[in-house]
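A.B. asks: Dumping what Swiss-Prot says about this protein:
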type: BINDING; residues: Gly40, Glu41, Asn42, Gly43, Ala44, Gly45, Lys46, Ser47; note: ATP binding site
type: COMPBIAS; residues: 499-522; note: compositional bias 'Basic and acidic residues'
type: DOMAIN; residues: 8-243; note: domain 'ABC transporter 1'
type: DOMAIN; residues: 249-496; note: domain 'ABC transporter 2'
type: REGION; residues: 492-522; note: region 'Disordered'
Amino acid sequence: MSNADELLRIEGIRKTFPGVVALDGVDFDLRRGEVHVLLGENGAGKSTLIKMLSGAYRPDGGRVLVEGEEVRIHGAQDSEALGIATIYQEFNLVPDLTVAENIFLGRQPRRLGLIDRKKMEADAAELLARVGVQVSPRARVRELGIARLQMVEIAKALSLNARVLIMDEPTAVLTSEEVEKLFAIVRQLREDGVGIVFITHHLEEIAALGDRVTVIRDGKSVGQVPASTSEDELVRLMVGRSIEQQYPRERPDSGAALLSVEGLTRDGVFHDVSFEVRAGEVVGVAGLVGAGRTEVVRAVFGADPYDRGSVQVAGARVPRHDVSAAMSAGIGLVPEDRKGQGLVLDASVEENLGLVTMRAATRGGLVDLKGQRDAAARVAGQLGVRMAGLGQHVRTLSGGNQQKVVIGKWLLADTKVLILDEPTRGIDVGAKVEIYQLINELTAAGAAVLMISSDLPEVLGMSDRVLVMAQGRIAGELGADEATQDSVMALAVSTNQYKPDKSDKPDASAGKTDQKEAPRGH
C-alpha cells in the first residue's frame, strides 16, 4: 500500500500527568479504507491517545502526521478541520435539540442571515439515509434509543467530511442485532475510503470487522498484528503474559445451603422460582433477555417486591421487600448498572467502600473514620484497585477498578451470599480474570455466589451449576461437566419448568435436553 493511502501517523507520542506516564512512545498509523483496532486493558492509554487526536490533550513529545504533513492539534476545531471525528461512549449530543440541529450544531446552513431549516433538515435526512437509520431529522434526541443515538453521532461525523473516524467501544451497550447493523455501516464507510480507529473489548469483533490491530500496554505500543491473529495471542499481548485458562475456576467442596429460594413468584414477571446456593459454590444463571433473571435476584435482595414464596439465608427466613433485612442476613448485590446503582460516582474510593458498613461503624452518632479508612485501605489493597489514593473519585477509575470497588464494599460487610449481575460487562480481559480470581477467593472463604451473565462462556467457565431461566421460570439445571452452549440455549428457548431435587446434593442431570441451538455469546 502506497504512502498516498496513509491518512494518519503517530510517532513516539508521549504524555505525562503528575506522577503518571500515560503514554510512553506510542506508534500508530491508519490507512484509507481500513478498520484499525486499538486494543488494550483499561488504563493502558487508549483514552489518552484518543483525547490527543480529538484536541482535548496536547502531547509532551512525538509527532502527529495527517496525510504526510506534521500537524498540531490544539483543540476540537483543529481536529475537525483535519477531518478527524471522534464518537465517545458517552455521546456528545444535546437532548432537547432535534436530530438535524445536533448534526449541524454550530454549522447550521444559513440563507439571508437566518438558519435555513429546510436545507438543514434535507441534508440531515441524506446523512441519516447514508447510515441506514430511519429517524426524522425533526425528532428530539431525547426520544431516541442508544442505537439510534449512535447512528446520529456517525451522521454528524460524516457531515464534517471526516476522513478519520474514531469509535470508542461502540458496541458496549448494543444488542447483537444492533451490533450487526453497526458493522454493516462501518464496512460501508470502509468501502467509501474512510479510515476507522475501532476500540473494543470484544475479541470476537476483531476478526469480524478489523484489518489490523495495534495493542497498547502500560502506555506503550507493544505490537501491531493482523486482525486474524488468534485470541490467545491478542490476550498475551494485552496483559503481558499467557493466560492458560481464561476462566480459572477453583472448585472447593461445597457446604450447607446458604441461600434457599422457594416458590418465589411475582405475578406477571416470574413464577415458582426455587433453587439453592451452597457455601463455596458458584451458581450461574443463564437465559435470554427478558427471561426474568435480574428481576428474581432483585427480589431476593429485597429491592423489588414478590407476591409468594420465601427467601432464607442459613435457614433463617428473610423478610420480603426489605433491603436492610437482606443485608443484615448477609446478602449482597453487585447490580448490572454499576455506575447508576452500585457507586456514588462523585464520591471517593474510601467513601464508596464504606457505603455498606457506615451504620456498623457509627457509635453514639459518630463515625469511626479511622477504622473505616483502615478497612478501606486493606480491601483496596487486597483487590488490587489501581488508584492514585483512597481520595480519588470513582468516576475517574477504569471500569474494572470501579467493579472491584463495588465488590469491595460487600467484602467489608462480611457478606455470606453475593449476587453478581453481569459482573464483567464492559471491562477488559485482564480485569475480567482478576474478578474471576476474586470469585475464587470468596468461595474458598465459604461464601455462596449467584452469578447472572449474558456471556455464556463466562457462565460455563465459572459456574459449578447453571440454572437456565426462560419466560420467568427456571427451565432446567445443568452441572458443570455437562453444561454447554448448546444445552444451555436449548433450555433458554424451551417452555419447560424445572423443579429442583431436594436431596443434599443437587442432581446435575436434571433439566437435560437433546435439543441443539448454538448461540452467539455476546
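Quick reminder: no glycine exception, Cβ is built from N, Cα and C everywhere.
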A.B. asks: Once near-sequence residues are set aside, which residues in the chain of Lys46 (ATP binding site), 6 or more away, have Cβ atoms under 8 Å from its Cβ?
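C.D. replies: Within the chain, Lys46 (ATP binding site) has Cβ neighbours under 8 Å at Leu38, Gly40, Asp168, Ile199, Ile216.
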A.B. asks: Select one residue from Gly40, Gly43, Gly45: among these binding-site residues, choose the one with the most other Cβ atoms within 10 Å of its Cβ.
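C.D. replies: Max Cβ neighbours within 10 Å, all protein chains included: Gly40.
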A.B. asks: Using Cβ atoms only, which residues of the same chain lie under 8 Å from Ala44 (ATP binding site) while being at least 6 residues apart in sequence?
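C.D. replies: The list for Ala44 (ATP binding site) reads Ile216, Arg217, Asp218, Gly219, Met238, given in order along the sequence.
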A.B. asks: Within 10 Å of the Cβ of Glu41 (ATP binding site), how many other Cβ atoms are there?
C.D. replies: 24
A.B. asks: Long-range neighbours only, meaning 6 or more apart in sequence with Cβ under 8 Å: which ones does Ser47 (ATP binding site) have?
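C.D. replies: When sequence neighbours closer than 6 are ignored, Ser47 (ATP binding site) has Asp168 within Cβ distance under 8 Å.
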